[in-house]
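Student: Structure provided below as structure tokens; questions to follow.
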Amino acid sequence: MLNNAMSVVILAAGKGTRMYSDLPKVLHTLAGKAMVQHVIDAANELGAAHVHLVYGHGGDLLKQALKDDNLNWVLQAEQLGTGHAMQQAAPFFADDEDILMLYGDVPLISVETLQRLRDAKPQGGIGLLTVKLDDPTGYGRITRENGKVTGIVEHKDATDEQRQIQEINTGILIANGADMKRWLAKLTNNNAQGEYYITDIIALAYQEGREIVAVHPQRLSEVEGVNNRLQLSRLERVYQSEQAEKLLLAGVMLRDPARFDLRGTLTHGRDVEIDTNVIIEGNVTLGHRVKIGAGCVIKNSVIGDDCEISPYTVVEDANLAAACTIGPFARLRPGAELLEGAHVGNFVEMKKARLGKGSKAGHLTYLGDAEIGDNVNIGAGTITCNYDGANKFKTIIGDDVFVGSDTQLVAPVTVGKGATIAAGTTVTRNVGENALAISRVPQTQKEGWRRPIKKK
């Protein structure tokens, strides 16, 4: 179906008192992303010509958090109801475009449902998203005559008979811009709340003989709003359950779907296995046959085929070629790169460092601002001393180098191909190819040595 041009209004002016937070409610995160960002992304995916964000409380924080989005900021200085919020945005509506109204605290609304609503909107009428609840207490009821929608009555204004109605308003609707402006101008606050209800435009449209078409979402969770942290946590679990189900159906083995969090996007190959309590953040790519152990955090990284990440490892902004092994308890920081078959063991940290093919850093090591060749052995306790208190410097280690345990490499320094660094050495000058570097104090031995005795 060919749709009219469309703009979106997102209401995000509420204080969120029940969140007990200094942060605007809509900036609280779901799956690692602000609730309102989920809604903005949906609007953009629908092809909105403009996104008008109605804000009030915490405007500076909102603008900072959403600075990368192309938004028209609309101030609602006083929160006098949803109709009043839309009135603030109305001057920006074009007469010949459709206006879709969304909410910054309803984060799981799907693009598919919104597209169905858009397609269902009758010419000159209103598309309305509704659901039926077993317990509709507190929600606006949908009134009908002969099956046709005639209006919405808020719970506090409803009669006892109207309160028996189970079909309720979700607050999401779409209408023509010229019609919307005309109806908004007619709103009054003559109701129990003393507010301007956007829902009153339904009755105004009906009185003009306009058709109102109700559409239902695919899932109830799509239209659930967040007023407190308990509700937010419940929607988080709904979202994570849906993501886990999609991954399982796509062939990813999640050992316990209830203990897996996806806070971004995951691209994966075949036969991927993910153990419990793993968190995926940002954009992550997993190759074929990748195995991730329990408690790992993977963020904005590419993991090659046949890699194995042992439990409680953190990988951030890193790239791993095929057949690498990491962990347990390893940390790859931004700029870490492992070439094919490299190994990083327990309590090893890498930052802006490359570990060559087949090279190993088995345990208790820091590799920062380093370029390490192929088939290098990094002994336990090795440290690249890359920082002098003001500037960072680079360590370069050639192919086939053996670095003994408890070695410090004071950058800038280069170790040539095939060199050996004796255990306990502090390297302060370049080491030539195939050379042995040793800086230990000669060992002495005192026969018959007696330990000091504590005085009583």
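Here the Cβ of each residue, glycine as well, is placed from N, Cα and C on the backbone.
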Student: Swiss-Prot has Ala380, Asn386, Tyr387, Ser405, Ala423 down as binding acetyl-CoA; which of Arg354, Arg440 does it also list for that site?
Tutor: Arg440
Student: Cβ neighbours within 10 Å, counted over all protein chains: which one of the binding-site residues Leu11, Ala380, Ala423 has the most?
Tutor: Leu11
Student: Taking the Cβ of Gly14 (UDP-N-acetyl-alpha-D-glucosamine binding site) as the centre, how many other Cβ atoms fall within a 10 Å radius?
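Tutor: Excluding its own Cβ, Gly14 (UDP-N-acetyl-alpha-D-glucosamine binding site) sees 24 Cβ atoms within 10 Å.
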Student: Sort out the sequence-distant neighbours of Gly104 (UDP-N-acetyl-alpha-D-glucosamine binding site) for me: same chain, 6+ apart, CB within less than 8 Å of its CB, listed by position.
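Tutor: Counting only residues 6 or more apart in sequence, the Cβ neighbours of Gly104 (UDP-N-acetyl-alpha-D-glucosamine binding site) under 8 Å are Ile10, Leu11, Ala12, Lys25, Val26, Met35, Val36, Val39, Leu53.
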Student: For Tyr387 (acetyl-CoA binding site), identify the closest of the recorded positions Gly14, Asn227, Arg333, His363, judging by Cα separation.
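Tutor: In terms of Cα distance, Tyr387 (acetyl-CoA binding site) lies closest to Arg333.
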Student: Check the Cα-Cα distances from Ser405 (acetyl-CoA binding site) to the binding-site residues Gly14, Gly81, Asp105, Asn227, Arg333 and tell me which is shortest.
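Tutor: Comparing Cα positions, the candidate nearest Ser405 (acetyl-CoA binding site) turns out to be Arg333.
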